[in-house]
Structures are given as structure tokens and as C-alpha cells.
Amino acid sequence: MTALFQSWGLPYDWAWFVSTIIGILVIALPLMLAVAMIIYADRKIWAAMALRRGPNVVGPWGLLQSFADGAKVFLQETIIPAAANKGLFLLAPIITFTVALIVWAVIPFAPGVVLADINIGLLYVLAASSIGVYGVIIAGWASNSKYPFYSALRAAAQMVSYEVSIGFVLISVVLWTGSFNMSAIVEGQRAHIFGFINGYGFNPLLFPMAVVFLISAMAETARTPFDLTEAESELVAGYQTEYSSMSFALYWLGEYANVILMCGLNAILFWGGWLPPVDWAPLYMVPGIIWFFAKLLFFFFVFSWVKATVPRYRYDQLMRLGWKVFLPLSLFWVFLVSGWLMLTRYGV
């Protein structure tokens, strides 16, 4: 696209800037629309699990319910508590929402369909996603209320705890594929696993890490059964208690954007991304972006299924799972994958 704008007479710097802005909008605007539909799907899945109808009034089959909710929130007044730190109170949801968007810059939807195909894409994802904890901490502190503050402390401890496990899981993936580039990680899953399984993206050696990543992603995004940050019986609405109007909506948008991101990362890192499930010629007639979103939606259904069926963990159980189970397991798997590669790939 930069070359196209240059052909129209724009200098290279301006052509690059305009093409980058267009690329950001092409990703951000559909993502916001996807969040609205994902919220609708989430509510429909919960309703089906509880033998209810769910949203069914606004629009055909209730499809416009999320947009009606968004319009209602947009028209509400933003109320700032008298004792709150006004500047930080308004900044916190912006941080959370912005971080949820910038990570998508390196997510490849199909071959060549990525905003920034950088060689440290996976490292960028880990670094950028870890910034989200600041939005939570600032919200809890700036609200100047005990319930948001307690919730922010819980959220910070929870997010930091499971980021460690996720980091070691990502190291296992990098060792296997030999690259931090997200597109290269997907292409690295084309090879037949162990030379005899003719399938894309399914790696028996990394499968336990796929499970660890999925559960850790639920904890990282504070989804049930790990939503201890907003346990209604203890902390009212968590660190969002004092928020209303669009500032509250930004947290919701950021949360669901992060959920979609984690589902997409799971598909990219462990299940072949845009590659078809098996190496069968007719499956290549389906565009790669369709395979990517099909896998993403499957994992989102798993997220919603777990949320509707699994009871909430106690906080001590949550921390024990992260530090005493997932951390040792993921660290052990780094050594296991390293040893396997030394014996098989490098002939040591």
C-alpha cells in the first residue's frame, strides 16, 4: 500500500504513515464489531447452558442487543467519585483498552495479512500484554475506595503469576519452531509431526503446553472460574466498581478484545493458525483466514463453556495452581523440549 501512495506522488514518509493508519483502522474497526458480536455469542451460549433464550428482542434474533447496550452506555453520564484522582481515574480504562488493541498489530490472520510482521512478534505480544496490569492497578488506586483497591491487588497478583507460566510455555514454542516471528511459527507447523503424523498444528509434545496456555489465558483475562477480581459476593464489581458510562465500557471492550486475542494466540501457537487441520488438497480451497477464525471461535466457545459450567476457584486455589502446578510443569517442559530437540533435530 505504501508503494501505491508513492505512485500517487506522496513522499515515502507520508505514504508509509497513511498506509499504517489505514492498516490500523482495518484491524481496529472490525475488531470492535467482532467484540460486539462475541458478547452476543457469549450471552447466547450462557443462556443455552442455563436453558434460557438469551438476547432475543433487539433486532432479529437479538443480534443488535450489544449495539443497543453500547448506545445506552455511550449516552450515560460519566460520574467521577469526589474522592477519586480524576486524571488517573480516567486514564486507567484508556490504558487497558489501548493495550488490548496494540497487541493485534503482530497477529497474522493469513499469509501476509498482518499489520507488522516483525521478527520479535511473540516477544512483543508478551511485553505489550503485560502492560495491561497497570490499567488495573491505577483503576483500583485512583478510585480511592476499598473494594476496587482490594480487587486491583488481586488482579495484579493473578495476572503476574500466570504471565510467568505463559512465558515458559512460549519459550517451548520458540524452541520448537526456532523463531519469534508469528508467521514463521505458523509455517513451522507445516512439517509432519515426528515424521508420521500427517496433521498441521497438532504436536503431541507441545499438547500439554497448549492445555496450560488455555487455562492460563483464562486466568490472565480473569474469566470464570478465575474471575476472583470481581467476585460479586466479596468485591461488588471489582476494580470497576466506581466506573460508569464509556469508561466502564472501555474495560468491557478491552476484556473481550483480550479474550479474542488469547483464543487467536492459541490457534496460532499450537493449532496451525491459518493452516487446514490436515494435509488434504480440497481443504486448501478454503481461505486461510477462514481456518484461523474457525479455530479462534472454537476456543472462544470453550472459554464460554467453561464460564457457564465450572464454579469459581478460591483465591488460594488460584494462586496454588499457578505457582505450584503450572510454573513447575511449564519450566520442566522447556527442558523436555530442549532435550528432545538435541537428541532428534541436532543429533547431540
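For all residues, glycine too, the Cβ spot is worked out from N, Cα and C.
As recorded in Swiss-Prot, the features of this protein are as follows:
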TRANSMEM  21-41  transmembrane segment
TRANSMEM  87-107  transmembrane segment
TRANSMEM  120-140  transmembrane segment
TRANSMEM  166-186  transmembrane segment
TRANSMEM  193-213  transmembrane segment
TRANSMEM  258-278  transmembrane segment
TRANSMEM  283-303  transmembrane segment
TRANSMEM  323-343  transmembrane segment
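If you look at the transmembrane segment (21-41) against the transmembrane segment (258-278), you find at least three C-beta pairs under 8 angstroms, all six or more positions apart, and that counts as contact.
Highlighted: of the candidate stretches 87-107, 120-140, 323-343, 87-107 has the greatest count of Cβ pairs under 8 Å to the transmembrane segment (258-278). When Cβ-Cβ distances below 8 Å are used as the criterion, the transmembrane segment (323-343) is approached by residues 161-162, 164-165, 168-169, 171-172, 175-176, 205-206, 208-209, 212, 215-216 of the same chain, each at least six residues removed from its ends.
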